[in-house]
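Encoded as structure tokens, the structure appears first; notes follow it.
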Amino acid sequence: MWDTLWTDVHLATMAPSHITPTDPYGCIKNGAIAASDGKIVWVGAAIDLPDLPQNLARQVHHMAHQWATPGLVDAHTHLVYAGDRSNEFARRLEGTSYQQIAREGGGINATVSATRAASEEALLELAIKRAKRMLAGGTTTIEIKSGYGLTLHDELKLLRVGRALEKHLPVRVHTTFLGAHALPPEYTGRQDAYVSALVEEMLPRIAEEKLADSVDAFCESIAFSPHEVERIFEAATKLNLPVRIHADQMSDSNSCALAARFMALSADHVEYANEGGIKAMAAAGTVAMLLPGAFYFIRETKLPPIDLFRIHKVPMGLATDCNPGTSPVLDMTTVLNMACTLMRLTPAEALHGATTVGAQALNMQKDIGLLQESYSADITFWPVSGPHELSYWIGGVTPTARVFKGQMD
């Protein structure tokens, strides 16, 4: 007997086996889905159930013809931090650039100061509060980066907080070490020494303690050069840690090609990606992670080359990029709307970006992101007319229920 059965539900499975040229969502109308031991064990049309629902499962939920999707995957966040950067928002509206604020000691380093001063307990409390809002919007998996500590002690602190969220909330967390986020003030004028500290001290310790699932770096003129990122990625690769990169956000540094050289899980932002880098990403299987919240918030005008990603069949993921300076966004359906209105994705591309492609960007595509047998029973139920409506509402859509590993909130 199954643990739980949901019936009288329309399913947007997102599964290749159900997708057709006229149905990019892999829909099953009037469907049913069952879970046992946290895994999906049956998916199909309700009429094809092998017996009456009450004879098949210990718990049966009749969902009144709502729509179900895989739980949403937020594959790029900076969730663990302290402090407030709302004053920078006002300055940018007055014409000061993000780069100028960063050079004056604001930006990332302002958050670094506040985060270093906060205790691990305080950071956990703040992260739980933010994550609860994410979960209320239908998210079941969150990637969380460090990068606001920039010392070994503080980076370990942030990664421990990210790991601890799974003990406090029904959510799956992928932690990423982002020591190469900014140059800490104590290393001013000594960038090479800081990169050496990352490579020789921080990365080995973080790998030893198994606190990170991947390694990230911010490759940009105000952060780290391609050569410096290459050093970091070589060290990560030797430690068997996959990499991802903040790439070509403000300029074309050819960092998408660099990402492909290291078989990166994702290259993120990518507004200034060039076609050569995009071709390399396609060959490497690297996801283009689009972050429309940051694009919107900093009033970027350079669109990512969406058509080139389509032409070269580079998967396009979506994430909130939740952070205090450039993307104070917690809701993934708001991101779906932004991706369609600002970046001209189709609603189907957007939902795949928040499910199947997000899972690929976390190297979890064999376990999450689809409503398919043997996958984790992460399901979100929505009061909508169809999956396309999830991208329609400005301000997002509130789900009626969320299931994580078979357990219904």
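Here the Cβ of each residue, glycine as well, is placed from N, Cα and C on the backbone.
Automatic prediction, not curation, is the source of TrEMBL annotations.
If you look up TrEMBL, you'll see His76, His78, His246, Asp321 marked as Fe(3+) binding site. In three-state terms derived from DSSP, His78 (Fe(3+) binding site) belongs to neither a helical nor a strand segment and is classed as coil. Around the Cβ of His78 (Fe(3+) binding site), the same chain contributes Ile144, Lys145, Gly147, Tyr148, Leu178, Asp321, Cys322, Asn323, Pro324, each under 8 angstroms and 6 or more positions distant in sequence.
Among the features that TrEMBL reports, Zn(2+) binding site is placed at His76, His78, His246, Asp321.
The Cβ neighbour count for His181 (4-imidazolone-5-propanoate binding site), using a 10 Å radius over every protein chain in view, is 25. Among the features that TrEMBL reports, 4-imidazolone-5-propanoate binding site is placed at Arg85, Tyr148, His181, Gln249, Thr326.
According to its DSSP assignment, Gly325 (N-formimidoyl-L-glutamate binding site) is coil. Around the Cβ of Gly325 (N-formimidoyl-L-glutamate binding site), the same chain contributes Arg85, Glu88, Tyr98, Gly107, Ile108, Ala110, Thr111, each under 8 angstroms and 6 or more positions distant in sequence. What TrEMBL lists as N-formimidoyl-L-glutamate binding site is Tyr148, Asn323, Gly325.
Per TrEMBL, domain 'Amidohydrolase-related' is recorded for 68-382.
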**Report entry** Extent of the N-formimidoyl-L-glutamate binding site in Å [max Cα distance among Tyr148, Asn323, Gly325]
**Finding:** 12
Query raised in the report: Looking only at Cβ atoms, how many others are within 10 Å of the one on Thr326 (4-imidazolone-5-propanoate binding site)?
Result: 25
Query - Collapsed DSSP category at His246 (Fe(3+) binding site) - result: strand
Query raised in the report: What is the maximum Cα to Cα distance, in Å and rounded to a whole number, among the residues Arg85, Tyr148, His181, Gln249, Thr326 annotated as binding 4-imidazolone-5-propanoate?
Result: 20
Requested in this report: Would you report the average pLDDT that the model assigns to the domain 'Amidohydrolase-related' (68-382)?
Outcome: 97
